[in-house]
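In TrEMBL this protein carries:
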DOMAIN    10-103  domain 'Ig-like'
TRANSMEM  113-137  transmembrane segment
REGION    147-219  region 'Disordered'
COMPBIAS  153-162  compositional bias 'Low complexity'
COMPBIAS  163-172  compositional bias 'Polar residues'
COMPBIAS  203-219  compositional bias 'Low complexity'
Amino acid sequence: MLWFLFPAPPKVYVFSRKATSEKNIILSCMATGFYPKDILLQIKRNGRILTKEDGVCTTNTRPNGDETYQRTDGVEILRTDLSTYTCEVKHVASGMHVEQQWDHTLPSDPGSIIVVVVVVLGVVLLLVALAVLLILYKKGMLGVGTSGKKSKGGSSNSDSSDQALQAVTTKGGNDIEASETLMKASDDSIDSAGTKDSGVPGGTPSPQSSPASSIQGGK
């Protein structure tokens, strides 16, 4: 391709990835998409260039498959290392010279991701359960306790009504019985009054006081 007759500057990336030890990470500096392949790449810690003696590893320059090249250098450091790390890249052919600083972003921990997922699922399930309970409550399907109280109150009211009705019935029966007793007493009084008035003129003469009976007896 004719455009490769012209130099292509690299794209620079500084990132971290997991190491074999959980306490460490591998800090990587990558330059890619440059042409021609001659390039200078080095990692610095607090301004000092790190070398193979510091544990720096390199892939050296290799092709991308699209006529451009790439190179990645890396060094294993502690996750808790707060030093200033930079990646310096010089590509003479394109005139590019850049020094990019690492932002201390650590690689994602699968364990923490699982914890976050579990927490999120727990919150979602809790919200769903609350929503279902709210719907059931609005439909009156959760009013068992209230219904029991209402039934108890209704039963109490019914018992009170029955007692009141019984009292009224008993009172009415007593009134009727009293009326009958009074009427009977009135009848007895009338009969007694009739018996006492037998000597009154116009009344029925007594057999002992009748003169006719005495004369007939003498004969």
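Each Cβ is built from the backbone N, Cα and C atoms, and glycine gets one as well.
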Note the mean pLDDT of the domain 'Ig-like' (10-103), expressed as a whole number. 96
Sort the residues of the domain 'Ig-like' (10-103) into helix, strand and coil with DSSP and give the three counts. 3 helix, 55 strand, 36 coil
